[in-house]
Every structure is written in structure tokens, then in C-alpha cells.
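As recorded in TrEMBL:
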| type | residues | note |
| --- | --- | --- |
| BINDING | Gly163, Glu164, Ser165, Gly166, Ala167, Gly168, Lys169, Thr170 | ATP binding site |
| COILED | 915-1098 | coiled coil |
| COILED | 1335-1435 | coiled coil |
| COMPBIAS | 599-610 | compositional bias 'Polar residues' |
| COMPBIAS | 1115-1129 | compositional bias 'Polar residues' |
| COMPBIAS | 1135-1146 | compositional bias 'Basic and acidic residues' |
| COMPBIAS | 1170-1194 | compositional bias 'Basic and acidic residues' |
| DOMAIN | 8-60 | domain 'Myosin N-terminal SH3-like' |
| DOMAIN | 69-763 | domain 'Myosin motor' |
| REGION | 595-633 | region 'Disordered' |
| REGION | 643-665 | region 'Actin-binding' |
| REGION | 1105-1146 | region 'Disordered' |
| REGION | 1170-1196 | region 'Disordered' |
Amino acid sequence: MAASELYTKFARVWIPDPEEVWKSAELLKDYKPGDKVLLLHLEEGKDLEYRLDPKTKELPHLRNPDILVGENDLTALSYLHEPAVLHNLRVRFIDSKLIYTYCGIVLVAINPYEQLPIYGEDIINAYSGQNMGDMDPHIFAVAEEAYKQMARDERNQSIIVSGESGAGKTVSAKYAMRYFATVSGSASEANVEEKVLASNPIMESIGNAKTTRNDNSSRFGKYIEIGFDKRYRIIGANMRTYLLEKSRVVFQAEEERNYHIFYQLCASAKLPEFKVLRLGNADSFHYTKHGGSPAIEGVDDSKEMAHTRQACTLLGISELYQMGIFRILAGILHLGNVEFAPRDSDSCKIPPKHEPLSIFCDLMGVDYEEMCQWLCHRKLATATETYIKPISKLHATNARDALAKHIYAKLFNWIVDHVNQALHSAIKQHSFIGVLDIYGFETFEINSFEQFCINYANEKLQQQFNMHVFKLEQEEYMKEQIPWTLIDFYDNQPCINLIESKLGVLDLLDEECKMPKGTDDTWAQKLYNTHLNKCALFEKPRLSNKAFIIQHFADKVEYQCEGFLEKNKDTVFEEQIKVLKASKFKMLPELFQDDDKATSPTSAASTGRTPLSHHSAKAAKGRPGQVAKEHKRTVGHQFRNSLHLLMETLNATTPHYVRCIKPNDFKFPFTFDEKRAVQQLRACGVLETIRISAAGFPSRWTYQEFFSRYRVLMKQKDVLSDRKQTCKNVLEKLILDKDKYQFGKTKIFFRAGQVAYLEKLRADKLRVACIRIQKTIRGWLLRKKFLRMRQAAVTVQRYVRGYQARCYAKFLHRTKAATVIQKYWRMFAIQKKYKIKRSATIALQSYLRGYLARNKYHKLRCEHKAVIIQKWVRGWLARTHYSRSLRAIICLQCCFRRMMARRELKKLKIEARSVERYKKLHIGMENKIMQLQRKVDEQNKDYKCLVEKLTNLESIYNSETEKLRNDLERLQLSEEEAKVATGRVLILQEEIAKLRKDLEQTRSEKKSIEECADRYKQETDQLVSNLKEENILLKQEKETLNHLIVEQAKEMTETMEKKLAEETKQLELDLNDERLRYQNLLNEFSRLEERYDDLKEEMTLVNVPKPGHKRTDSTHSSNESEYTFSSEFAETEDLPLRTEEPSEKKMPLDMSLVLKLQKRVMELEQEKQAMRGELDHKEEQALRSKTQEEERPQIRGAELEYESLKRQELESENKKLKNELNELRKALSEKSAPEVTAPGAPAYRVLMEQLASVSEELDVRKEEVLILRSQLVSQKEAIQPKNTMTESTFLLEDVQKMKDKGEIAQAYIGLKETNRPSAMDCRELNEDGELWLVYEGLKQANRLLESQLQSQKRSHENEAESLRGEIQSLKEENNRQQQLLAQNLQLPPEARIEASLQHEITRLTNENLDLMEQLEKQDKTVRKLKKQLKVFAKKIGELEVGQMVSVSPGQITDEPIRPVNIPRKEKDFQGMLEYKKEDEQKLVKNLILELKPRGVAVNLIPGLPAYILFMCVRHADYLNDDQKVRSLLTSTINSIKKVLKKRGDDFETVSFWLSNTCRFLHCLKQYSGEEGFMKHNTSRQNEHCLTNFDLAEYRQVLSDLAIQIYQQLVRVLENILQPMIVSGMLEHETIQGVSGVKPTGLRKRTSSIADEGTYTLDSILRQLNSFHSVMCQHGMDPELIKQVVKQTFYIVGAITLNNLLLRKDMCSWSKGMQIRYNVSQLEEWLRDKNLMTSGAKETLEPLIQAAQLLQVKKKTDDDAEAICSMCNALTTAQIVKVLNLYTPVNEFEERVSVSFIRTIQMRLRDRKDSPQLLMDAKHIFPVTFPFNPSSLALETIQIPASLGLGFIARV
């Protein structure tokens, strides 16, 4: 598939960004070849047009699928490029809080700037022995890989830790060394691993300082070689250092500090031993106040000083030398305070009696005047003369600083030499692991000589790294036979040549240093002339002539030439050194002894011894004059030589790389700066590794993994038996371009991006399959639901129709009889109904008519109001229309009249001109004028009246118009509102009603206010009555208080009882804690004892006895040693014997430790005994109270007493007959000769006949006794029906106590013999015997019929019981099905489908489990029957007693009995075994040392050795032989310890002796004679109690021995199960197909597909079955078996959970399902073995909750609340860790958001639990040995001949 085809719509890509470096975007349109612009949608919601580069036309990087993000190995990513690497690191660091990530062979470590709980000893134990790819990335995984490869390949290893200052290099190297020290241990008693770790605080104090980037920055490089012997235990170490930053001694930048040791000295100046140094505050010294930051936050320099001194002491640096070191360091500080006063421009002087200089001279032991002279002067030597020249103040200051630097460097070298001497071992070194903690690539604003050397070293290391990566890739391809194509990778050899070749930078620098007038400027000029424009990697800055630029592999760096020559020369005035060499202080000249020897690889750096043999050989072959010139070598030359030696060492080892990354420059915890991270990734070579991998085939799958992951893409016909061919066929169809993949021998190699393409195909196929499955299942569910509903409907119809038919028949039967009643009833009912209807109708009519009338009235009223409104509106409208018309008419009239008047006026004017007109007009003018005047006056009056009327009318009109206008607007609004919603009218009416109510309410309130006065008067009147009522209430309160007092007394008693119960619980917890401490002490004591024995054996091997030396008996010495062990429990009379023991047996130190431990053990034992006494006392009180309640008076009748007396008489007669029979046998055995007693002799026949007759009489007596007993039982039932079952229960209890079949059979025969009646009484009934014969026949017939009836009855009852059980189970199943049906009907369809599927899965699983359980039970029964057949066959062959038991009494009388088969009566034995004192060792040897547990467990009774040993102890007790008892017990304990030491890793042996030790302990308790242990004994067993000795002290010794054996058993269990647990519980897919294999990187994980050698859950279950069967065969106590199983399940749960917490690939939903299924299988195993009450299931609770946490929803706050309440067995750290590690396996799952994890943390912040992340898998629960008495009678025990104990006799 072409790469461009992947750029489709919705594909996600990375584009460059100036702020975030890379930004994610999504394609909005498919890319087509030739497009110049990509339409992208950014994550913040913006759209962008991304223009492609027209020259390169490179497309942006594709983003990996979400399921690949956050992978442990960067090479597992399908798309390998810079943004993918950066994003993966960011997600792991920020979201998952994971600081370690693999990048192929490199471990990338990001500094979290926070203390993380991932470096404890439990984490070390978890990583120990694991493959590197099986666990999450960690520095411990790299260290384990190096340690494992060293042991496997026998090749030296090296771990290269590099990075910037503050990235965490020193811490990573420290943790790697701690891992080696913890895992490997020490080969000697000198504790070398502690010394190796103790070197860290010393080197940090003298070589580390605070910088702006790091508070504890290493200012030197070091390479530590940790040496191992042939058993790969640490024997020593050696350290080499490089390029110490000496300039820091005299100058520090702002916010930086000098080396830590100076500040530690100043902080400890007040100590009495430091007063001689005359120190003060750090600010008072010139060399420690430059940075202005004398303190580090969170660091106490005085405490650090104590740690430094402690480490020096541990490394063998004496107090005298330590004070010498501190004197030199204090002298350096005082030297810095020396000041110079200028005399002139070329000379200077020191003030007289200058205090700092005098202190310096006193501390250094040098002459004040000489030092003062040579600080201000220097000596110049020419060919003929020597001159003393004064120097200026500046030169004097520089010389002072150079002297201080030189002294510090020499002191640094001296300390490193002494550390190496302390770490040196006399044992020959077999191999080593080197840890290189070296500076990373550095670039600052001003880069000088130090940065140049650092970057030069990084160039060399990068070249070695590139070559190693390239070599590994080539080896992988050649191993898989892949066609090899040369990968182009960056080769930095040109840059190295520029620096170190001839005429290179260093060569020119050394040449310039040799020149008399050489300066930095001339050297720079030589560099320009030599390399400028000739070497592409060398450049000159534009604006400077004193600098140069080198293109390194990481970046361009500009170096300032100023100071290069001075730092390279490192000149110190020789006269000053001579003054120091002449010091009276002995240590100071030692620092300068190596000036003429040149053992240091660099004078600027500390060295230490170089262990390389070739280096020492070359040095030995040097020329004679070479030694004298060695010390004049320049710093650059020496550094180059030491770097070459380092590279040779690294090339001779297998390297492992750790790249430390600094996430930000501000030391903020878990803050990721992308720009800084990218710079460091480019500088440290991680991206180069990615580029080399991406250039080839980065993704690699085995054929099986590819088949398992992409099986969904194959059809059935494509699957072949050959997995390799199947994968080839499928890939050829899926990926057409064959260049995109290659087939190797065991793996398939893919180009970058192909796995993402395959994942896309897989996700699409799964999505289609999911839809199809959903479709089918939903259809099936709906079909099933329909069928169920139809069946239910048919059933309901059937029942309903039947019911209806029955009801109809009943109706027909009653119809005729009910006709008359119906007639009258109907008449009455109809009449009544008519009346009711009539009254109801009338009422309805009245209400309806009233309602209609009110509505009509309301309507008429509304119409009337509307008419009024209309009238007023219409009138107003008419008036307005009239007024407007009137105004218009008037206006028209006026206009018309004006026009007419104008015309008239014109005419008049014309007429007026004529005289005639005037005359006419003046005719009657006067009269007219008078009239007109009168009219004018009248009109004026009228006008005034009209004007007044008009103003009144206008005002009225205006007011009315305003009112009408307002009314009109209101009406218009109401009309609009009525049109919009007619319901508004109702609302308004309701509001009016509310207003009326409010009005009424206000009126009522007014009334209430008026009534207040009246009430006040009434209240005053009622005051007296209230007082009386209060008096009554007080009396009632008094009564209630009395009642409360009684209740409180009850509550107090209850609380006291609760407190008592809590106190008892607390006492039990304290007892368990004390028991655990005591058992831990026992464990430590046994370890010390084993160590003592080993030392004693080594001493015996070293001190070979001379010939003729008298040899002591080994058994005697072992007995004596054990005797000293148990001396705490011995009596005082044996003290002289113990003092005679040779002094060489034990060392004084061990003896004192043993005595202390014994004393502590006795104290703990006394406390334990006191607690046990309190608990026993409480238990006895409870038992007494119970027995007093249960006892009831028993009344017996007179007849019952008579019958009991008669039974006693019969029993006495029976005893007499037995005695006579015994006497007859004794007489026969004593008096008769062997010939007379032969089977054919007549005397023998007579005796046999007599014996037969006597036995017949006994049978008759027994039958009579049985008849009498039956009568007694019937009478007892008649008298006291409540106590019918007492005797039977007693008999049942006695039978239950008899565990052995032989005991039950013997008890049955004894019962028959005691109950058999005599023959004489039967003959008295009938002399002829006929009646007796008839009675016998009837009795036998009755017995036969009764037995048949009983058997039929039992079979019938069994069948009925089984049927009842089946019916009950069917009912339960039916109820469950109905509940599920009801629940499913309530659920939505999706949940219904899921629930039905889950139900079907559980049903099938339960059926399979039931079938498997039945099959296992059948197998067990078959095996058990086979074993029983073998045992019975062997017993039949050996013992004839079994035949006697199995044969009926009638057959015994008929068969001839041989005299050899007549056994001796058991009562003749006392349950003791006699042995001679000299046979004790033989007894111990045959019974303990050489006994095979398997034969004893299969063929003999459990605990037989314990019984035999106790019977021997009983005999010694019977003889009152104190020495014999002690000797036997001591030999027994010693022998058991020897067996366990020899075969302590065999589970069967340890289990066997744990069982026998417990049984021996129980026997000592049971037969001790103490009342507490004799409760369950029989009378015969009480007779066997010990009589002379109290062995309580030896019981304690045996209890301690049992505890030690139990702990050893647990260790054996853990060693056997540990390899199985992780594979079986986590890695193996018990439910196949649930979890798919995700793509992995270079570090392949263990496959979950079961191979032949892979452990599965079945392996664990088989092993558990084996453990359980072995313990049961050995007869171990059931309670002890429960404790072993509980401990075993705790180990399984703890190891599984710990690995889950350290493996990101295991934290997924499917893996949670696998774990829950596996846990259910373990629970099923517990249920099958009846061990559910053992507490084993509770130990798995953390694992169960972790699995549930993986499966629950993790989105909302409700989910967070559910998680917090569910995971109460997990700590907060574990919950957060699981959520951080949760990883989706498929695209359908979602990651846990960071906000959700923070919500969980906020909810759990108040929970008080342990901050520890992992469970303590080594924790052992305290064990108890509950008393378990044996019902086996000692006199019945037979000693088989197979044990070889013929020398023991039964007594």
C-alpha cells in the first residue's frame, strides 16, 4: 500500500508548531497526488490550509492509532518519527505518571522532580529474575538485564547513564548500584555492597554542587566497576573519575553554590571537634559567597555532614584522616580570604599578621613567612641564573586561586584512592559491571574549555552508541536471514577527527601551550588558518575573532577562546607546592606524592586505580625519561588518553544505555516542556535510534503472535497447519507491496506504518463483526422473547378459558335457583336506581340550569358593558367625525365667504368711488349704525358666554377624550390578548379573586391586630394556669428522666460489653502481632543458627585435625550443641555439663546474640502465656454458663432403676465368664506342651469345644442384654420423651471420635461380647432347647426381614431426598430464570442482550465446572479405591486381625483356629515402647534420618513416627529416667533439623515432619496430665498419661520447631509456585480469544499463548491439589492445612497484584476478565476442598478489586464514588497506579482521563492507608497450632517391620 493512500479523510497528522513543536490535526479531505494544499482541522477547533513544500513535497507525519499511544517501547509505534516519540513520552509522563520508557536498547528516564515510591526493596524483588520485556520500563530492569547477561554470557557489562545537568543521572546510577547490592549480596563478611553504596554520599559531598539547573549536580564524571566472583556476588568495586570542575572551588555563578562539603563544614562549625578549624558562617568566606545562595531548600547541611562522616567510617577512613581532610578543606576556605594590597602596578604585599593566612598556615602546618613570600613572588629560572620576581595583585590573586584549586584536586584524588582501597577485594575478580555516570551534551551562552571537553566525550560516546545500535540491527537481520541493505546513519567521525586528530583542535592547543608567548588569540588564529573553509564542521563567528564554532552531532556550539590555554596548562607555582610538601602536617605531603609518578589519567580530574591490564603493561614499557615528563602533560592530552581508555573498556563490555531527560528548566514536578525535551532527545541519540530503526523494518512479530492478533482478517480456508505459510498467504493478500514486509526465520518484519494499516483493517473487520453479532443476537433475543410471550399468552388463554367455562357451568347451575331472587332484587334495585337517578338528575338539572343562568347573566352583563363601551366609543367617534366635518365645513364656508366678501368688497370699492353710491349708502345709515352698535354689544355678550361655554366644553371634552383614549387602548390590549390566548381571561379572573382574597386577608389581619390586645389580656389570665401545667410537666419530666437513667444503665452495660468485645479483639490482634514478632525472631534465630552451623563447618574444613588427634563423636557433639540451644528450658542440675563444652563451638558474638534472643523469646512467651490464660479463662466462663443453662434435672422411675440393676448383674456375670475363659487360656498356654496344643490333638479339640460353648453362652447373654436395652429405651421414651436421643447421641459421639476403621470394628466386637447373654439362662427357659431354637429361627427371620425393610426404607429415603433436592434445585432455577426474565424485560435492548449473553456464559461455565467436578470426583474415587485395595491387600497379607474383624461370629466358631493367629489382648499392652540406651541413635536414624515420607504416608497410619517417639518417651517416663528422656528429645529435635536442612527444599519432607512434629506436640499435651488437655481423653487414655516428668518446656521447644518448619514449608511453597503465578494468573489466556496481543517493540514480552513449557492456571491448580493431597496423606491437622492454604493464596494474590501494578500491558478490561475468571477457579478449588472458612478467599480480595477496577466504568463522578467504595482493600497508591496504567487493547475501549484520576485522588485523600505501592509478598501470617487430641489408642498401634525397629519391644 502506498504511503500517500493513507492520507484519507479523518486521518490524523502532525504539523510543525513554533510553540508546541508539533501539533495534531485531522484531514478534512482525501489527499490526491499533485495537491499542494492540505485542508486540516486542528484540535482546538480551527481549520487550516497546510501548504506542502514545493521542492520536497513531503507530507506531514501520520499519527499513530490511539491504542499504540503510551507504549512501553517507542519502537512498538507503527509510525516512528519525532512527533510520535515526543507525544508518547508526554502521554506516559503527564497522564500515566510513568518516567521510564524504552526506545529499543535505550531506557529513557525523565526526571519527575518528585519522590516516587518505585525504588523500594519490594520493587527490586519484583524485578529480580524477570525478563526485561516482561515488566514495565525501569532502571531496575536495565540493571537486572546487565546482571543476567553477565551471568549467562560470562561477559562484562556496562551501564552508560548520560544526560544534561539536572536530568537525574546520578540518581539513576545510584539506583542501579543499589539494585546490584541488593540482588547479588556480598561474597564476604565485609559487606562490600554497603561500602559501594556508602561511597555515594562521600563522592556527592566532594564532587556535587548546586547549579541553576540542579540542586545536586555532579561536577565530574565517574565510571564505577562493581566486581563479582564466580558465584556473581559483589566482592569489590573500583572508581575512575573524569574532568572535575576545579574552577567552582574559587568562583560560582549567581544562584549557585560551591561543593557541598564546604557548606557542610560551615554548618557543623559549632561541633567541639571542629573548633580547631576556626570556621564560621558560609557567607564569611570568599569562596562560598559568590553565588549568594548558601542554603538549599529541604537540605540540612549538618545532617548531611553526619552522613558523610558515617560513610567515611564505613569505608575505613579513620577519624584522624577525616579530621585531616576537614583541616585541608578549612584551609582552602581560609586561603580564599587572603587579601593582597598593591605596592605598585607590578608588585603587591600581604598585610602583616594577616589572620586568614596565619590560620591557613596553622592548619596546613607550613611556615607563615615562606607562604607569604611565595604568594606575592615567583621564581624565574634561566639557563644561567634564577630570579625572584614580584607579581601584581591580579596575578597574585590568580595564583592563590590556582593553588586552592590544585589542593582541592589533589585532595579529591586522595579520597578517591582511599575509597578504591576500601572497595578493593583480595578475592580474584571474575567479572564486573561498570556504571558510567557522565555529563551530557552542554551548550551555554558562554562555552569554555570544560564544555569543549564534555562535548568531545559525548561525541565519542555517541559514536560508540551508533555503532552498537547499527550492529544490533545487523545481527537481528542476519539472524532472521533478512536481505541486508546498508542503513545510512549519522557518523560523527569527522567531528572527532576535527578535535583529536593531528593538527586538530586539541593538538593545536597543546602546541600553543608549549610556545613561550602563546596566547588565546594566536591559538584562535591558528585554528582559523588550519580549519576554516577546509572542514565543513568548523566555522568562524561573524562578529568575533576570539571564538570558533563546531557542528556537533546534537547542535552547533560556539566556544570562546579566552581561558583555553590557561585551563589546559593548569599551572601552579612550584615554590608554593614545595612549601606545602615541607608541611609538618603528615597528610598534606601525601597528596603530592604522585606528582612525579603520574598515576592519574588527568590532573584536572581525580583518577583512582585503572584496573585494565593492558594499561599497566603499556605504562611498564615506557622509556626511562618518560616518567619525568608525564606530569607536564596538558589537561586536554590527559583527558583524551583517559577517554580512549574508557572507550576501550566500554567496547570490551556489553553496553546498556540510560538517557536522562530534563522535562523543564524550573524543576516543576511532572511538567513537560516540549522544546526542551526535543533538544535533549536530539542530543542524547534517542531520535537517531528511532531513525535507524525506521530506516529498516521497525515492527517485528513472531508468526504465532501475528496469527493470534490478525486471525480475524483470515478466512477459514486460509488457516493452515503451518502458521508461517498461513501468515505469508494472508500478508500477500493484505499488503500488495512486497517491499513493505519481509519474512524471517521466526519473525515477520514490517516497514514503518504497516502495523497501523493492519490495525485499521482489524478494527474495521471487528466493527463489522460486532454489528453482525449485535444484529443476530438482537433478532434472536426478540424472537425468543416473542416465543416466550406467545407461549405465555397461550398458557394464560388456556387457563382463562378453563376458568371461564367452569364459571359458566357454575352460573348455569345457579341460574334456576336465582331467578326468583333476581326478580325481586331487580325490581328493588331498579326502583332504587331510578330514585337515585331521578334525584341525581334533578340535582344535575338544578346545578346545570344555575350554571347556564349564571353564564347567560355573565354574558348579558358582558354584552351590556360592551354596548356601553360601544356607545361611548361610537359617540366619541361620531363627535370626532362631526367636529372634523364641522371644522372642514366652517373652513370651506370661511374660504367661500372670504372669496365672496373679496368680490363684494371689490364691487363696493368700485361703487364707492361714485357719489351716488355714497348717497345711497348713507341713507338710513345712522339708524343702521345704531342698530348695528346694539347688535354688536349683544353679540359681544353672547360671544363671551359662548367662549366660556366653549372652554368648559373643551375641558370636559379633553378629559373625556383622555378617558376614552385610555379605555380604547385598554380595550385594544384586552382584545389582542383575547385573540392570542382566550385563557388569559380566566387567569385575570383568578388574579382578581386572589386580590379579593388578599383584601379579605388584609381585613382579617386588621381584625387580628385589633384582637392582639384582647389576647394579651387573656394570656395574662392564663399565666397562672400555665404555671400549674408546667408543674405537671416537671413531674412528667422527672418520670422520663428516671426512665432515661434506666435506659442509660442498659446502654452502659451494652457499651461495656462492646468495649469488652473490642478489647478482646484488640488483645487478639496484639497477640497475633506478638506471635508474628516472636515467629520472626524464631526465623532470624534459625537463620543465625544455620549461619553458625555453616561457619562451624567451614572451621572444621579449614582446621583439618592432625594425625593422632583424638576425634570426638559426631553424635555427641551434635547433641551437645542442641543441648546448648535448648539450655533455656533445661534444669539447673545440668549446668556443669554445659560448661564443659569446647569454646571453639561458638563464637562469643553469636553466643551473646543467642542469649539476647532467648531472653526476648522468654519475655514474649510469658506475655503470650498470660494472654492465653486470660482468653482461656474467658472461654471457660462462657462454657460454664452454657453448661449451667443446658443442664436439666433428670428423673428416673423405679422400673428403670430395676432394669438398670438387672443389666448390671448381667454384665457382671458376663465379666465372670470372660475371666474364666482367660484363665482357661492361660492354663492351656502355660501347662500344655506344644504337642498337646497342636491342632490335631484331642486336648485341643476338647478345649475348642469348650471355647465354642462358652462363646455361644456369651452370644445368648448379649442378645438378652440387647432385649433389655431395647426395653429400657422404650421405657425411657415413655417416661422422658425429651431425652430420647441422649444415649444414641453419646454413642454417635463416641463413634465419631473413632477415626480408624479398626477402632470401630474392635469397639463393635467388644459391644457384642459385653451384650451377649449366657447359654445357661437360655437352657433354664427350655431344657430341650427346642423353644430356644424356634426363638432363634424367628429372631433370625425377623432380623432378616427387618434388615431388608431397613435397606428398602433407606433406599426409598435416599431416592426421595434426591428427588426433593432435584425439585428444590429446579424451583430455584425456575425462580432465578423468572427473576432474570423480569430484570431483562426492564432493561433496554442493548443491556438485555448483554445480560442474556452473560447469563448464558455463566450457565455454560457452571455446567462445564460441574462436569469437570464430577469427573475429578470420579477420578479421585477411582484412585482412592485403588489405594484402599492396595492397603487392604497388604493388611490382609500382614495382619490376620483384619480377617477376624471382617468374619461374623458364627463363622468364627465353625472355622479351625490356629494357635499362631490368637492375638494377645490389647489391654495387656500399656502403650509404651522399650528400647535400650545404646539403640537410641539407631532409633533416630531409622525413624527420622532415613525414613522416606512417601512410603509412610501411603502404607501406614498418619503420624506413626510421632506416636512411636511418644511411646518411647512414655517408657522412659515410666522408668523415671531423666537422662534418657532428655537425650531422646534432644536427639529427636536435632535429627528433624538435620533432615530439614538436608532435604529442606522437598515439600513432601517438610510437610511430613511438620505433621509429625505437631502430632508429637499434641501427644505431649494430651498425655501431660493437665486437666485442660484431658477433657477429650478416654479413661484408658488417661491411664497412659505421663507420671514422673513435666515436659512443658520441651513442648515450647517443639512448638518453636514447628513454627520454623511451617515457615520453611511456606518458603518451599513460594519457591515452587513463584514461577507459575505470573504466567498462570496473568499471562496465559484461560479464556481464549478475549484479549489480543498488542504490538510490542524490541523488548518482546512473554507470549500469552500456551506453549509446552508455559505454566497455566491448570498448572497452579494441579500443584495446589498436589500440596493438599500430600498434607492430607501426612495427617496434618485441618486447621493447620487451612493456615497453609491461606498463606499460599496470599502469596498468589500478592505476586499477581504486584506484577499487575508493574506491567502496563496487563492493565486492560480483557485482562481484568481473565483475572476474575482465574480467581473464580481458585475459589472453586477452595469450595471443592471445603476450605472456604480458611480465610484464603479474603487474601485474594485486593486482586479481585483490582480486576473489578479494570472492568468498571471510569467516566463520571458516580463511577468515582463507586470505585472508592468498592476498592476498600486497595491503597490509594494502588488505585491511582492501576488507573494510570489502564491501557485499551482495542479501539473500542477508552483511556482513563486525567481529571477522573484527580477526582479519585481527591475523594481518597482522607483515607489513611499505607503509601507503599506493592504488597509484601514475603509476609508470613502468624501460625497457631490448635490442640487436636487423637482418638487412637496407643496400645493398638502396630509397628511394621518395614521401619526396621525390631529392637523395640511393646510394653
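First residue shown is number 1, and so on along the chain.
Glycine is no exception: its Cβ is also placed from the backbone N, Cα and C atoms.
Structure with TrEMBL features highlighted.
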residue: Gly163; record: ATP binding site; Cβ neighbours (10 Å): 27
residue: Glu164; record: ATP binding site; Cβ neighbours (10 Å): 25
residue: Ser165; record: ATP binding site; Cβ neighbours (10 Å): 20
residue: Gly166; record: ATP binding site; Cβ neighbours (10 Å): 20
residue: Ala167; record: ATP binding site; Cβ neighbours (10 Å): 25
residue: Gly168; record: ATP binding site; Cβ neighbours (10 Å): 25
residue: Lys169; record: ATP binding site; Cβ neighbours (10 Å): 27
residue: Thr170; record: ATP binding site; Cβ neighbours (10 Å): 23
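Here the region 'Actin-binding' (643-665) has Cβ contacts under 8 Å with residues 89, 93, 103, 105-113, 139, 142, 145-146, 149, 153, 155-169, 172, 176, 213, 223, 240, 242, 434, 436, 440, 456-457, 460-461, 464-465, 468, 601, 610, 612, 614-615, 671-673, 676-677, 680-681, 684-686 of the same chain, all six or more residues outside its ends. Within 8 A of the CB centroid of the ATP site residues Gly163, Glu164, Ser165, Gly166, Ala167, Gly168, Lys169, Thr170, the other residues of that chain are Asn111, Asn214, Ser217, Ser218, Gly440, Cys660, Lys662.
Using DSSP to sort the residues of the region 'Actin-binding' (643-665) gives these counts of helix, strand and coil: 9 helix, 8 strand, 6 coil.
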